[in-house]
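A.B. asks: Swiss-Prot lists these features:
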- C47-C89: disulfide bond (DISULFID)
- C128-C172: disulfide bond (DISULFID)
- 24-105: domain 'Ig-like C2-type 1' (DOMAIN)
- 120-189: domain 'Ig-like C2-type 2' (DOMAIN)
- N56: N-linked glycosylation site (CARBOHYD)
- N63: N-linked glycosylation site (CARBOHYD)
- N165: N-linked glycosylation site (CARBOHYD)
- N180: N-linked glycosylation site (CARBOHYD)
- 1-20: signal peptide (SIGNAL)
- 21-207: topological domain 'Extracellular' (TOPO_DOM)
- 227-253: topological domain 'Cytoplasmic' (TOPO_DOM)
- 208-226: transmembrane segment (TRANSMEM)
Amino acid sequence: MGQPLPPVALLLLVSASSRAADVPKALVLLDPPWASVLKDDHVTLKCQGLHPAGDNTTQWLHNGSLLSSQAPAYTITAARAEDGGEYRCQTGLSSLSDPVQLRVHLGWLVLQAPRWVFQEGEPIQLRCHSWKNNKLHKVTYLQNGRGLRYFHQNSDLHIPEATRNHSGSYFCRGLIRHHNVSSETVTITVQGPANPVVSSSVLPWHQIAFCLVMGLLLAADTGLYFSVQRDLRSSQRARKEHTLGWSLGSQDK
């Protein structure tokens with residue numbers, strides 16, 4: 001009969017099983033990658049997540065309501081105001097994704113970005129987009145009411161590395177035919193760089209609770225383990241002494 005595993009080995013086995021049970025989150029991606037669009041724009045939302053073999057069923061939520069589509073990609077052929085809002089998705093082997101916001105604007109221009117919150121050091125790409133891709137020229141990007149960059153022909157504005165100074169309100173303006181048009185103002189926020197060491201060391205509450213419970217069990221189990229080992233050694237020693245005493249008594253006779 002084999003010996004029982006010591007407490008540390010048992011803890012390692014249970015911990016490995018717990019990690020294997022963790023389910024990854026699905027991820028919603030926009031294609032094109034812009035978080036704001038104009039009415040009648042074409043947008044595709046793609047759900048990245050794990051699927052069971054042969055089953056690509058995907059659940060889509062829009063503002064908390066379940067959509068009828070169960071395809072991995074959800075397409076909006078001509079965006080309307082009511083298409084704006086929060087989108088989430090889930091696959092068979094992935095948990096519910098974090099929300100992605102889509103804004104649908106009415107007007108001639110919209111200032112587009114992949115998102116509105118950036119970390120220091122990240123690149124920022126801004127695009128001045130016209131309704132139905134009408135030709136746009138003499139384009140100016142403005143930050144906090146001041147001209148930031150001018151393009152005679154429409155072009156994206158690239159900021160290679162974001163700093164706190166890039167936080168603020170932005171809009172763009174230009175000419176369509178001979179008409180001056182402007183986008184609505186948007187707010188871009190640049191936050192301090194994320195600390196990967198700190199963020200990776202923060203555990204979800206259920207893992208913290210698991211570690212606390214396993215620590216208590218380990219302490220109790222370890223005490224019991226060594227207590228049994230001590231009693232076993234004492235019992236073996238007493239048995240040897242008894243055998244030796246009996247043997248000596250027999251020789252005296």
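Yeah, the Cβs are placed from backbone N, Cα and C, and that goes for glycine too.
Mind mapping these onto the model and telling me what they sit next to?
C.D. replies: Secondary structure at C89 (disulfide bond), taken from DSSP and collapsed to helix, strand or coil, is strand. In the structure as shown, the Cβ atom of C89 (disulfide bond) sits within 10 Å of 27 other Cβ atoms.
The Cβ of C128 (disulfide bond) has L109, L111, Q112, L136, V139, Y141, N154, L157, C172, G174, S183 as same-chain neighbours under 8 Å, each 6 or more residues away in sequence. Under the three-state DSSP scheme, C128 (disulfide bond) falls in the strand class.
Using DSSP to sort the residues of the domain 'Ig-like C2-type 2' (120-189) gives these counts of helix, strand and coil: 6 helix, 42 strand, 22 coil.
Cβ neighbours of N56 (N-linked glycosylation site) (same chain, under 8 Å, six or more residues apart in sequence): A71, P72, T91. The secondary structure of N56 (N-linked glycosylation site), as reduced to three states from DSSP, is coil rather than helix or strand.
Following the DSSP three-state reduction, the secondary structure of N63 (N-linked glycosylation site) is coil. Remark: N63 (N-linked glycosylation site) has G85, E86 as non-local neighbours, by Cβ distance under 8 Å and separation of at least 6 in sequence.
The number of other Cβ atoms within 10 Å of the Cβ belonging to N165 (N-linked glycosylation site), over all protein chains shown, comes to 8.
In sequence order, R173, G174 are the residues of the chain that are 6 or more apart from N180 (N-linked glycosylation site) and have a CB within less than 8 Å of its CB.
Across the topological domain 'Extracellular' (21-207), the model assigns an average pLDDT of 93.
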A.B. asks: What's the CA-CA gap between C89 (disulfide bond) and N165 (N-linked glycosylation site) in angstrom, rounded?
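C.D. replies: Between the Cα atoms of C89 (disulfide bond) and N165 (N-linked glycosylation site), the distance comes to 35 Å.
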A.B. asks: Counting other Cβ atoms within 10 Å of each residue's Cβ, which of the disulfide-bonded residues C47, C172 comes out lowest?
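C.D. replies: The disulfide-bonded residues C47, C172 were compared, and C47 has the fewest Cβ atoms within 10 Å.
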A.B. asks: Between C47 (disulfide bond) and N165 (N-linked glycosylation site), what is the CA-CA distance rounded to a whole number of Å?
C.D. replies: 34
